[in-house]
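Taken from TrEMBL as is:
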- 6-24: transmembrane segment (TRANSMEM)
- 111-135: transmembrane segment (TRANSMEM)
- 130-174: domain 'PDZ' (DOMAIN)
- 295-317: transmembrane segment (TRANSMEM)
- 342-360: transmembrane segment (TRANSMEM)
Amino acid sequence: MIEGPGLLLTVFAFLIVIGLLVFVHEMGHYLVGRWCGVKVETFAIGFGKEITGWTDKRGTRWKLCMLPLGGYCQFAGDMDPASSPSDEWLKIPEEERNQAFQSKSLLQRAAIVFAGPAINFLFAMLILGGFAVAYGENVTLPVVGEVAEGTTAEKLGLQPGDKIVELDGDKIDSFGDLAREISIIPDEEITLKYQRNGDLISATTTVGVRIEKDRFGNEYRIGQLGVRAGKFERRDVSIFEAPVVAAEQTVSIVDLIVTTMGQVISGRRSIKELGGPLKIAQVSGEQFVAGLNQFIFFVALISINLGFINLLPIPVLDGGHLMFYAIEAVRRKPANPKVQEWAFRSGFALVVMFMLVVTFNDLSSFGLFKAFSG
């Protein structure tokens, strides 16, 4: 049994995860900003009072701050959350103004903003691709391992060892493909092709239905075949295949995030299951003591989550900026500054509220409130 991490090790592991991923995220903004000719005034890891820092020859202040729960890259002329031109910006000399964020084209501004989340995805893909080359790829073959009684699979005559190769004309490469396809077609007729002892068998049946209820009493019909996977395979991955494998794994993780969010919004999954910074810190420590590979893989997962969350169209996040740029592209002029200001204030309030909820969940999961109540 692996011994749990202590407080100091947990904090240390958490700072590595958050510090590294925030640095990667902000470096994306920084590099594309510099490439577009924008002067970077501040590159900060954390918020609040500066602990240490230095100013480079280009005039950029690199600093580490007290609260390590984020960071920011402040560009010249970027004086407010909405990154809209201010009166002060309009007064600066033209030469300096040309180095300001607001002076750049819509496409350049969008590229600078998008670069942060994008590099988080690329960083995670680099890790996943490296793992694939080093250790190969685990593939769950579409081979039946177990057939549940009274299910569609039993009525169809499926047996352990049967390999499912096709569903309604679509090739099935893995057990995950089969599960995803079946889940979204409850009570529908399908044609399944499978191999048994070298023979190809085709059969038609109706997908079974499993009823799930959310906490509001709403019912959801989920397709069910009634089989479990039975065969796993590890295959070598070349350095040329690695980007494709990493991209597929990243898409799969994003799909899981989207599904989980949908379940929380619809009530099928309790909001109490959402974790915040304290839970991330706890898991960081656990993965750190579990082994280097587990810890690095956890870093990749959090990097994907960070990239995805920042792309949500919530003002104050990168996705919120991109949303306003999309509006600007359609209207051929920026949204009203007052509208942007109120939108970003509302977005900030929403993010703060979300952080309070997940922090409450974290404290509850640690049993803090039970301890106070006796």
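Glycine is treated like the rest: Cβ placed from N, Cα and C.
Keep in mind the model is a prediction, meaning the values are calculated, not measured.
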Using Cβ atoms and a strict cutoff of less than 8 Å, what residues sit near the transmembrane segment (111-135) while being 6 or more residues removed from its termini?
21, 24-29, 31-33, 36, 38, 73, 75, 101, 104, 237-239, 241-243, 245-247, 249-250, 293, 296-297, 299-301, 303-304, 306-308, 310-311, 318-319, 321-322, 325
Compute the average pLDDT of the predicted model within the domain 'PDZ' (130-174).
88
